[in-house]
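Q: Have a look at this one before I ask anything.
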């Protein structure tokens, strides 16, 4: 464990707490893409298949359970909670996200570390996570205005993988034969997808103005 | 990577 990875995990946890706060406090999920949340639930379930077979550390197991439980809880809320589901922007959240699932799985069948069920699902989860934010970014472009909590949620979600890139650089420099090409390349693509959001987020923060994304 | 060493990152 290094400071970059810890910062990344804490930022990731913070993004989930901000989203839970938004949904719980406002009893609304307006501006949140349910499709992106469903993709994250698939990412965590597919990635943590080793939850019961490989014990790495208490921290590792605890965080895996938190990520799986929170992502499923958010999807459940957005689908079944009477108050929350009414505020879902159904007509704006139209990205065909099942294509992302299919393409990520197809890529995982081709590019993986080992041809085993666990490794293919791990690679699948890495590729899917890289593109999972797309429905959310498309929804924001369409809805134009972004409320503060949603903006912070997406900012922390993008920032966490940027910390992981620093972690991979650090581990590459300090650990012999550390190579994680699949996670590294995918992580760079994932962070790059946030580039324009980060740009407009920074501008709005500098001008102390409302975050507006160009339609 | 040592054999059997699975992914230690989240």
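Backbone N, Cα and C atoms are what each Cβ position is placed from, and that goes for glycine too.
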Q: Identify the transmembrane segment range according to TrEMBL, selecting from A:27-47, A:153-173.
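A: The listed stretch tagged transmembrane segment in TrEMBL is A:153-173.
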Q: From the ranges A:80-97, A:98-115, grab the one TrEMBL calls transmembrane segment.
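A: Of A:80-97, A:98-115, TrEMBL gives transmembrane segment for A:98-115.
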Q: Checking distant contacts: for the transmembrane segment (A:153-173), what same-chain residues at least six beyond its ends satisfy Cβ-Cβ under 8 A?
A: 2, 4-5, 7-9, 11-12, 14-15, 18-19, 22, 32, 133, 136-137, 140, 146, 179-180, 183-184, 187-188, 190-191, 194, 197-198, 201
